[in-house]
Amino acid sequence: MAVTKLVLVRHGESQWNNENRFTGWYDVDLSEKGRSEAKAAGQLLKDEGFAFDFAYTSVLKRAIHTLWSVLDELDQAWLPVEKSWKLNERHYGALQGLNKAETAEKYGDEQVKQWRRGFAITPPELTRDDERFPGHDPRYASLSDKELPQTESLALTIERVVPYWTETILPRIKSGERVIVAAHGNSLRALVKYLDNMGEDEILELNIPTGVPLVYEFDENFKPIKRYYLGNADEIAAKAAAVANQGKAK
């Protein structure tokens, strides 16, 4: 029996990743490095013989453009794609746009680590009259007041990501289709926590690098049996460590 696989990829480096700023739902594009990372991710998948039947991504351009680059490298630009806000990055509330290192200097490394990586801790809320509040963005016009976040913890992110997985993505995988998901550091952490049944302390230390394909293999009951990155292990570890260090004071 063929092994069922799922590919997850965090978007390539964004302009605000490069500037070390909290991004959340702000719709910033890829940096030049990020575009190269996305292209390299597609090449890795091509080299390993991957091809897909369906793709999912968020409604934020850094993930969308990453997916486009990956599919272009695979010569699968025609692939059907579903975009959903439920795969968006975690909403960082009033931290969105702030420099992470400067915020750590003000509040301390541990507080910023908890805001970035803690399970149930939410950053300070946005007010609804703040221009950064998603209720002002037409792409979210169909969302209810309850669905429009003013801030999110990882726990709250899980509340939207996991139902989307179980109700939308997983049934397609069960039908035999080969699926790729291009999303964000925290929406993917939310999914990884669920798939691997990670504890809160364990997920605190998980950092997903930009632009590196993460492959899951499932058994006949669609339970994960293996998770691994494609690419050079030392380079991937260095990229993950760099993600962890973004929230530390200089």
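Numbering starts at 1 and runs along the chain as it is shown here.
Each residue, glycine too, has its Cβ placed from N, Cα and C.
Annotation comment: Swiss-Prot describes 10-17, 23-24, ARG62, 89-92, LYS100, 116-117, 185-186 as substrate binding site. DSSP assigns LYS100 (substrate binding site) to a helix. Summarising the environment of LYS100 (substrate binding site), the number of other Cβ atoms within 10 Å of its Cβ, over all protein chains shown, is 23.
Among the features that Swiss-Prot reports, active site, tele-phosphohistidine intermediate is placed at HIS11. All protein chains shown were included, and the count of other CB atoms within 10 Å of the CB of HIS11 (active site, tele-phosphohistidine intermediate) stands at 32.
Cβ environment of GLU89 (active site, proton donor/acceptor): THR23, GLY24, TRP25, SER58, LEU60, ALA183, HIS184, GLY185, ASN186, SER187 lie under 8 Å away, each six or more residues apart in the same chain. The active site, proton donor/acceptor feature in Swiss-Prot is assigned to GLU89; the stated evidence is sequence analysis.
Taken from Swiss-Prot, the feature site 'Transition state stabilizer' covers HIS184.
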Binding-site residues compared (GLY24, GLY185) - highest count of Cβ atoms within 10 Å:
GLY24
To which of the recorded positions GLU13, TRP16, HIS184 does the lowest count of other Cβ atoms within 10 Å belong?
TRP16
According to DSSP, which of helix, strand or coil covers GLY24 (substrate binding site)?
coil
Just jot down the residues in the same chain as ARG90 (substrate binding site), at least 6 apart in sequence, with C-beta under 8 A of its C-beta; none if empty.
GLY24, GLU152, SER153, LEU154, LEU156, THR157, HIS184, ASN186, SER187, ALA190
Where HIS11 (active site, tele-phosphohistidine intermediate) and LYS100 (substrate binding site) are concerned, what is their Cα separation in Å, rounded?
19
Same-chain residues at least 6 apart in sequence with Cβ under 8 Å of the Cβ of ARG10 (substrate binding site), in sequence order, are THR66, ALA182, ALA183, HIS184, GLY185, LEU188, ILE208, PRO209, THR210, GLY211, VAL212, LEU214
